[in-house]
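What follows is one structure encoded as structure tokens, with my remarks underneath.
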Amino acid sequence: MKIAIFASGSGSNFQALVDDAMIKESVALLVCDKPGAYVLDRAEAAGIPVFVFAPKTFADKAVFEREIVAKLQESGVEFLVLAGYMRLIGSTLLEAYENKIINLHPSLLPAFPGKDAMGQALAAGVTETGVTAHFVDAGMDTGPIIAQQSVAILPEDTVESLATRIHKVEHAFYPEVVKKIIGGQS
């Protein structure tokens, strides 16, 4: 199954995915909405083709999503894996890849959706958070949950210390989820 990975920033989850040989051979394309993002260097080093776009150069989301869909179809992509992609997926992509888009979120959804999930968890005073892989729907972090893994919140945690531990879990967890999907075990 050919997949595309979508990322916006440094690409540490992208790297964790392509470091797995089974996943890497399935990756047909990296889609990035931030020209100059470090993930582009990671893709080049891994030999992964890239499609970069600057959203502000398009009239609206539907226009740039149509361009993305055309590129995905041209590349034979069957499934989308969001790995630090910081845009909500719009109706054009959702319709083209219905039930074929997954995302990784740094909380145990449905708790703490959206931005700053780790800050939200710390502010709430909970003792546990984690990571969730879920299918993407029209809402923000509201799609059906595929898998979750918990991470303890320590009394001395800051957003930075918790983020370090969450990222370590993500880098092991997400490749396993993606491999099950590629292998048809989702």
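Backbone N, Cα and C define each Cβ position, glycine as well.
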- Message: According to TrEMBL, Lys61, Met86, Arg87, Leu88, Ile89 bind (6R)-10-formyltetrahydrofolate; which one of Asn13, Asn103 is annotated to that same site?
- Response: Asn103
- Message: Please identify which of Lys61, Arg87, His105 has the densest Cβ environment, defined as other Cβ atoms within 10 Å, among these recorded positions.
- Response: His105
- Note on the structure: Of Gly11, Ser12, Asn13, Asp141, the recorded positions lying within 10 angstroms (C-alpha) of Asn103 ((6R)-10-formyltetrahydrofolate binding site) are Asp141
- Message: Tell me which of the binding-site residues Ser12, Asn13 sits in the most Cβ-dense spot, judged by other Cβ atoms within 10 Å.
- Response: Asn13
- Determine, using Cα-Cα distances only, which of these recorded positions is closest to His105 (active site, proton donor): Gly11, Lys61, Arg87, Leu88, Asp141. Asp141
- Message: Beyond the listed site residues Gly11, Ser12, Asn13, identify every same-chain residue whose Cβ lies within 8 Å of the center of their Cβ atoms for the N(1)-(5-phospho-beta-D-ribosyl)glycinamide site.
- Response: Ala7, Gly9, Ser10, Phe14, Gln15, Ala16, Leu17, Val39, Arg42, Ala83, Gly84, His171
